[in-house]
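> Just dropping this structure here.
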């Protein structure tokens, strides 16, 4: 899709990968960038506004773990103001296997609920125009970091959800693809808890291997947005953007 003159909602658009991606999106000239984030960061919002004064950047506080009804209410406020939204980016995520319920709530349920909520406004069966969902998942959805099985499983679940809704596009009019970053230099990976403390040095060990910067990831994210391939499974690793071919071992046949 062409980002210029589009309306974009970015959940967690002020995080590590999120903020650099917001910067790259703003440079591409959307009409509106609506940032939904749990933590308010006025300085970051001001920076985004200054980066391209032609873009209207708006912030709303949002915790993806709220009930579905609250998410729908917030989206109604946004749609009432913008009338149309072209792209929803779901980017909320935590990495802490000591917080099992919250990891699942943020990394998986939050993605499902926000996507489900926007269907009220996009689903062509309800007279909607359709739209595009970009879900930030992880390479751990391909192969887990086994020391953080809860995080890895939550990202695998988000990836599975995304590939499923992509296949429903002919019914709903809503397309989807997944963004799967490799190990990226963010606060998230500098220190985190393994499951049951099976490996206290997991973050340190992980960072001994090659990583990528948030800017590299963000620039490739924008390329994936522009490619706009329904059902694509994008790997953003070591500064590269690659489409993954998923190996099929079983098919429901329906």
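Every residue gets a Cβ built from N, Cα and C, even glycine.
Below are the features listed in Swiss-Prot for this protein:
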- 10-33: NAD(+) binding site (BINDING)
- 138: substrate binding site (BINDING)
- 151: active site, proton acceptor (ACT_SITE)
> Indicate whether residue 10 (NAD(+) binding site) is helix, strand or coil by DSSP.
strand
> Do me a favour and check the Cα-Cα span between residue 31 (NAD(+) binding site) and the residue listed as 'active site, proton acceptor'; whole Å is fine.
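One finds 35 Å between the Cα atoms of these residues.
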> Which whole-number value in Å describes the distance between the Cα atoms of residue 10 (NAD(+) binding site) and the residue listed as 'substrate binding site'?
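Roughly 17 Å, rounded to the nearest whole number.
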> I'm trying to understand the geometry here, so how far is the Cα atom of residue 19 (NAD(+) binding site) from the Cα atom of the residue listed as 'substrate binding site', in Å to the nearest whole number?
17
> Between residue 13 (NAD(+) binding site) and the residue listed as 'active site, proton acceptor', what C-alpha distance do you get in Å?
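The Cα atom of residue 13 (NAD(+) binding site) is 20 Å away from the Cα atom of the residue listed as 'active site, proton acceptor'.
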> Would you mind reading off the Cα separation of residue 138 (substrate binding site) from residue 28 (NAD(+) binding site), to the nearest angstrom?
24
> Closest of the binding-site residues to residue 151 (active site, proton acceptor), Cα to Cα, picking from 16, 22, 25, 28?
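Considering only the listed binding-site residues, the nearest one is 16.
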